[in-house]
Each structure stands twice: as structure tokens, then as C-alpha cells.
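Peer 1: Below are the features I grabbed from TrEMBL:
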- Asp174: active site, proton acceptor (ACT_SITE)
- Glu34, His35, Thr36, Asp37, Tyr226: substrate binding site (BINDING)
- Ser68, Gly124, Ala125, Gly126, Leu127, Ser128, Ser129, Ser130: ATP binding site (BINDING)
- Ser130, Glu162: Mg(2+) binding site (BINDING)
- 11-58: domain 'Galactokinase N-terminal' (DOMAIN)
- 96-180: domain 'GHMP kinase N-terminal' (DOMAIN)
- 283-363: domain 'GHMP kinase C-terminal' (DOMAIN)
- Arg28: site 'Transition state stabilizer' (SITE)
Amino acid sequence: MTQAEAVRKGFNALYGADPEGVWQAPGRVNVIGEHTDYNDGFMLPIALPHAARVAAARREDGVLRLYSGQYPDAGVTELRLDDLAPRTVDGWAAYPAAVVWALREAGHRVGAADLYLDSDVPTGAGLSSSAALECAVATAYNDLYELGLTPPQLARLCQRAENEFVGVPCGILDQLASACCAEGHALFVDARSLDTRQVPFDLAAHGLVLLVIDTQVKHAHADGAYAERRRGCERAAELLGVRALRDVPEAGLDEALARLPEGGLRSLTRHIVTEDARVERVMALLDAGDLRGIGPILTEGHASMRDDFAISCAETDLAVDTAVAAGALGARMTGGGFGGSIIALADTADADGITAAVTAAFAARGWTEPRAFTAVPGPGARRLA
Ligand code: ADP
Ligand code: MG
């Protein structure tokens, strides 16, 4: 049975009718460009083969019904569309409800629906299970209600949904990656213009793999740390008299830092400015066909997140250091930080040894065993059936 058939069947068993269709949207890993999105900067995600799927059918009575295969004990959640308001829905149901709310807020005449959700994107692992879910629902609504919205427009809407309705102050990276990525490609994003460019990212052709190692340490975006970094960056931009830190050129970094008070704001600024520059250096290498050459830039990016942005943790640091020592061409934490997953770029022949080395290093400390898989760039949000 295909995954589309499985959710179709689940929908039918639960709601007693066939869905009108099945849609899916992927999780992502970010190759480089972390916390740059809310600084109007650059990033370079790929879509994972892991995705959220939704079987959906419209309803005419204004009652939204939600069920998730990941939260079977919660049963079916029923919400009246007219009652939807920011921060009024608790738990996982807030994410799909948020999307419907955001569509209506944006003036789209959409009604209710029965939704059956299922996902193999690990949650809270820095792989963007929340954006996958939002984009799957938004893509389903876009088709069912014939809204004609483009993938970047859907991404914007999903970001607003998560920011305002759920209450997580995330940037646009996750939603844009889930909505816009293409198979075999990385997605270059300029978060100011929302211009995107598909860049070939054919790991196999270069004899390489991109390992994703989930440290199983749960991050908490909604927690103050993310919001605090975000506020710090906005404050630094304000003090420097620029619209966003993206407007500080790398060549002018030292001069800009000297104009900021000593301490935290300087290191936040240094991470963002050098990180944007790293995305540009990675892009130049990819455009020159040198995928292997990006390794050291990834590792540099990790050091910047660890030392300047202070968003890594003992587990992600150990995973990165061990991967590099075991022969990875480069490695870094991916996602918002404080745990979650790392990526490691490696020669195919070295992948198993790297995974074994990281597993052994965690075991030696008595930490939970990390979960590893290889990421091949998958497709963005789409209709499955
Ligand atoms: P990440 O997006 O990095 O996985 P978040 O904390 O942003 O982590 O989002 C995780 C939350 O998204 C989960 O706690 C849950 O509320 C919601 N979620 C993700 N996947 C699903 C799913 N398949 N079904 C229901 N809710 C989900
Ligand atoms: Mg998320």
C-alpha cells in the first residue's frame, strides 16, 4: 500500500467516506544559513524524503475536524471555524487550525474540512515537522478551494499561522523550504525578497552523502531562547541604523561591531553577517560544481552557532566534532538549535564509520542513542492523489 493509499484508507475508516484528495509536504534540513531568515538574509535548505500527508474533504457546516496518526489518543478534534482565534487551541491541533485561520484572515473564502494527518517527519528534531504539517494543509486547501496561491504565498501564510495563531516566532525558512523545494536540488532563498533559486544538489554524482543525525535532544522554539536571539538581532540592527542585519556587509563587520555595546549584541551580529557570507560562499562553490568543497564552510558555520550565537548544546557539539574527526568533510547543527539534528557531508564510503563513531561517543557518555539517516533532496509540497 502506498503512503497515499494508507492515509486515504485511514480517512475512510475514521470519517466513513472517501477524501477528495491526498496532499503532502516535506520536512527539511538546512544546508547553511541559520537564523538568517528573520534577519532578511540567505539560506539554503533541502527537502527531506520525510513528509506530512493529509487526506482531506470539504465540509459545509463550518466545523473543522482534525485527526493525527501521531496523536491517536487525542481522537478527533472538532473546532468551529467562526471560533478560531490566536492562541485559543492547545496542542498539535493548533497547527492545522492555524492554517485555516490564516487563510480566512487573508480574506480567502474557505470553509471547513475533515482532515486526516499522518507524518514521518520526527517532531521536535529540528527537521521542521510543524512546517511540513502546515504546508500539507495549506496545499490541500489551495487545491480544494481553488485559491490559486503560489508556493511562496502559501509559505508566508503558514508562517503567519505559526507566528500569530500558534504563537511561535519562527522565520520563513521552514515553510518556504517545505513549499518550494524541488527534488535533487537545494533551494537558495533571499528572505527579504523571497526570491528563490533551485541549485542542483546531486550528492550521489559526487560520491557523497549528507548524513542527518538526530541527537534526540528536544529543542523548544517556543521557549524564550529563540525569541531572545531574535530580539537581540533586531536591537542590533536598530542600533546600527539598518533595516536588518542582512544590510551589514561582511567587509564592514569590524566597523559595525565597534559601534555596538560590548557583549551579546556583537556576537549575535557576527554570526548573522558571517553566516550570510557563508551561504554566498557555498552558493559560489555549488555554481562551480564543487559540492565537496562546501564541507569546511559547514563546520565553520557550526563554530559560529556554538561560539557566537550560542544555540548549540553538548550533544550537537559532540556529534559534530565526532563526525569531523571520523572523516566527515564538514558538519553542523541544522535547525533552530538547542538540540535537534546535525548534518554531516561525507564520502559515501565513510558514512557508516561516521555514524558508528557518533553512536559510540554518545554511548560512552550514557546518552540516548542518536538516530541517523541519509538525506536525498526530495520534492516540495504537492498533491499525491
Ligand atoms: P519541529 O518543527 O522542528 O519538528 P516544532 O516544535 O516546531 O518542532 O513542532 C513540533 C510540533 O508540531 C509537535 O509538537 C506537534 O504539536 C506538531 N506536529 C508535528 N507533526 C505533527 C503530526 N504529524 N501531527 C500532529 N501534530 C504534529
Ligand atoms: Mg517547527
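Just so you know, glycine gets a Cβ as well, placed from its N, Cα and C.
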Peer 1: Any of the binding-site residues Gly124, Leu127, Ser128 with a C-beta atom under 6 A from ligand 2? Give them in order, or none.
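Peer 2: Ser128, in sequence order.
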Peer 1: Whole-number Å distance between the CA of Ser129 (ATP binding site) and the CA of Tyr226 (substrate binding site)?
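Peer 2: Answer for this pair: 17 Å between alpha carbons.
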Peer 1: In the same chain, outside Glu34, His35, Thr36, Asp37, Tyr226, whose C-beta lies within 8 angstroms of the Cβ mean position for the substrate site?
Peer 2: Gly33, Tyr38, Asn39, Met43, Gly171, Leu173, Arg229, Ile272, Gly336
Peer 1: Cα of Thr36 (substrate binding site) to Cα of the residue listed as 'active site, proton acceptor': how many Å, rounded?
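Peer 2: Cα to Cα, Thr36 (substrate binding site) and the residue listed as 'active site, proton acceptor' are separated by 12 Å.
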Peer 1: Measuring Cα to Cα, how far is Gly124 (ATP binding site) from Arg28 (site 'Transition state stabilizer') in Å?
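Peer 2: That comes out at 12 Å between the alpha carbons.
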Peer 1: Taking the Cα of Gly126 (ATP binding site) as the centre, which of the recorded positions listed as Arg28, Glu34, Tyr226 lie within 10 Å of it?
Peer 2: Arg28
Peer 1: Ten-angstrom check, please: count other Cβ atoms within 10 Å of the Cβ of Asp174 (active site, proton acceptor), all chains counted.
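Peer 2: I get 30 for this one.
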Peer 1: Under a threshold of 6 Å between Cβ and any atom of ligand 1, which of the recorded positions Arg28, Gly126, Ser128, Ser129, Ser130 are retained?
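Peer 2: Cβ < 6 Å from ligand 1, in sequence order: Gly126, Ser128, Ser129, Ser130.
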Peer 1: Can you tell me whether DSSP puts Ser129 (ATP binding site) in helix, strand or coil?
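Peer 2: In three-state terms, Ser129 (ATP binding site) counts as helix.
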Peer 1: Checking your reading of the structure: which of the recorded positions Arg28, Asp37, Glu162, Asp174, Tyr226 lie inside a 10 Å Cα sphere centred on Ser128 (ATP binding site)?
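Peer 2: Cα filter at 10 Å returns Arg28, Asp174.
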Peer 1: Checking the spread of the ATP site as listed (Ser68, Gly124, Ala125, Gly126, Leu127, Ser128, Ser129, Ser130): what is the longest Cα-Cα distance, in whole Å?
Peer 2: 20
Peer 1: Over all pairs in Glu34, His35, Thr36, Asp37, Tyr226, the listed substrate binding residues, work out the largest Cα-Cα distance in Å.
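Peer 2: So the binding residues stretch over 13 Å, Cα to Cα.
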Peer 1: Rank the binding-site residues Ala125, Leu127 by the number of other Cβ atoms within 10 Å of each Cβ and report the first-ranked residue.
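Peer 2: Counting Cβ neighbours within 10 Å, the top one is Leu127.
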Peer 1: Most Cβ neighbours within 10 Å: which of the binding-site residues Ser68, Ser130 is it?
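Peer 2: Going through Ser68, Ser130 one by one, the largest Cβ count within 10 Å is at Ser130.
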